[in-house]
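*Asks:* First, the structure itself, so that you have it in front of you.
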Amino acid sequence: MKRDNKMTVIFLTPALLSFCLVFLYPTIRTLFMSFFYVRTVTDNLGKWEFVGIGNYIKLFSSPMFRQSLVNIFNIWFWGGIAVFLVALVFSVILTSGYKGKSFYRAAIYLPNVVSAVAMATMWIQYAFSSKYGLFHSVFTFLGLEKAAAFQWTSPDNQFFAMTLAYCFGMVGYYVLIFMAGIEKIPVDYFEAARLEGANLFKQFTKITMPLMRGVIKSSIVMWSVTSIAFFIWSMMFSPLDPDVGTITPMVYMYNLVFGRNLTPTDPRLLNAGAGAAVGVLMTLMIIGVFGLVNFLIRDKKLQY
Amino acid sequence: MNRKQTLGRLPGYAVLNLWVLFTIVLVGWIVLASLSTTREIFTNTLLQSGLHFDNYIKAIVNHNVGMYFINSMIYTFAASFGIIVISAPASYILARFRFRGNKLIQSLFVGSLGIPQIMIILPLFYLASIMRMTNSRSLLIILYICLNVPFTVFFLLSFFATIPGSFEEAAAIDGCTPIGTFWKIIFPLAQPGIITVGIFNFIVLWNEFFIALIFANTSELRPLAVGLYTMVQSMRYIGDWAGMFAAVIIVFVPTFLLYIFLSKRIIAGVTGGAIKE
């Protein structure tokens, strides 16, 4: 069919305009802004003051920001390992002929369709509560006094509690993705391996994992993109002030630019340009992970 | 053999059941707590004085949850609709026709899925303030539409690609304009994809938090997620835990119901969107 030029323009323009408006223009402006001292975010270009990489230097000299980087790394790395391992185990189990596959899959995915604010409230106000909480009750019932007395939301433990609750919900998404990946592998491969006497573990390491490379690769990128945007859970665990135990770069930036709880320890940093620098750093991290994953995991185009 | 197999699967079932049971208890307890009094919650004696549906009325009226709910409805429906109106035609053009820049546009859209919101939020706030649009419902709807267009275009590509070109040819012979052909014939044919991505966007927008937190600053404009957050934040002054749990359930129920009825479709959509050839 011949392409109608008028239609092409009419159909494509709104989507392209919206892309330029909320992605292209803001990305470029944020990049520029990160090299300027900008007192408030609503200041126009005329009031910007060039400072070179000054904003970046100031950010890295702030203990709060450095802590937010450590936190986001721990969530990304340790949380990622935990989520991927659990999701792999679940998806291997569920694709090996268990009854009730769709029910389990749907139930494990459920937290992903629920508002994170609601999920976090359930965890903080119920599961982790030291008065009537779920863990408290279960451990008391089991006679594990020490475990029952564990203060989940105390400053020392809240990072662990937050990561645990977050990862619990994230597992479901990767179970879905991994299951779809495994189900695309032809059954004959597993049958042939079984006839040759390969056990489940051998089948997993020799067939499933190598053929899932592409899926794992895109999942790591996906996990990185969502981890960088870690925000709601941190805000829920420290609802009043940003806290060293739970702060992430996005929360740091929010408080720096929009927050009423401006970090009093860093008055030099009250600057929207520094907020822009946080955004640039996070974007660079995503690009870095993307490059690294593409370099480390070679994904040959497989035909089956 | 069969018996051995069943026995071998017991640990697997145990882990799965424990995981699911935890989710059910977590949500179930909140439901019960939302029907108890705050006193009962703290003394671990849920429902002792019967069902307290008035918690919901208190949440809806006293804690503004009713208004937040209506806001969420407005944002979610208007934006979900707008996203499709803009994305479907663009996706159709990109899937159907070869022209210079087609691949570039597609990669720009895919690339934008990796841009964190933190990278774009400051200029958006600047734009909104110089256009004097902060604190308006339309601003939030426009942002929600624009932010979700790339994903939706990308998602719909494969659905438009599979519709045979003979439909357009037949319509052209009958004298239908290309634009008319798209809305009357092609758009309905792509319905499975459009409904799936529509539900998906609905859930994402219903739960959206960051953009709303920044752009809906006054209480009259807040959607449910932000409303619940501010409620939790001020809980130490309000002290109405039962009302808070009722609010949690009010946030929880709409997407949960959608999920119960449409889980197959949603799950197929998630895996279809993430695993592409």
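Cβ atoms are placed via backbone N, Cα and C, with glycine included.
Annotation source TrEMBL lists domain 'ABC transmembrane type-1' at B:69-262. Residues annotated as transmembrane segment in TrEMBL: B:12-32, B:73-95, B:107-127, B:139-160, B:194-216, B:241-262.
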*Asks:* Please indicate, using numbers and ranges, the residues of the same chain that are 6 or more beyond the transmembrane segment (B:107-127) and have a C-beta under 8 Å from a C-beta there.
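*Replies:* For the transmembrane segment (B:107-127), the far contacts come to 134, 143, 147, 149-151, 153-154, 210-211, 214-215.
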*Asks:* Give residue numbers and ranges for long-range contacts of the transmembrane segment (B:194-216): same chain, 6 or more residues beyond its ends, CB-CB under 8 A.
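*Replies:* Apart from its flanks, the transmembrane segment (B:194-216) reaches 71-72, 75-76, 79-80, 83-84, 87-88, 117, 121, 125, 128, 134-135, 139-140, 143-144, 147-148, 152, 155-156, 159, 187, 222-226, 229, 254-255, 258-259, 262, 265-266, 268-270, 272-273.
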*Asks:* For the transmembrane segment (B:12-32) and the transmembrane segment (B:241-262), decide whether they are in contact, meaning at least 3 CB pairs lie under 8 A, counting pairs 6 or more apart in sequence.
*Replies:* yes
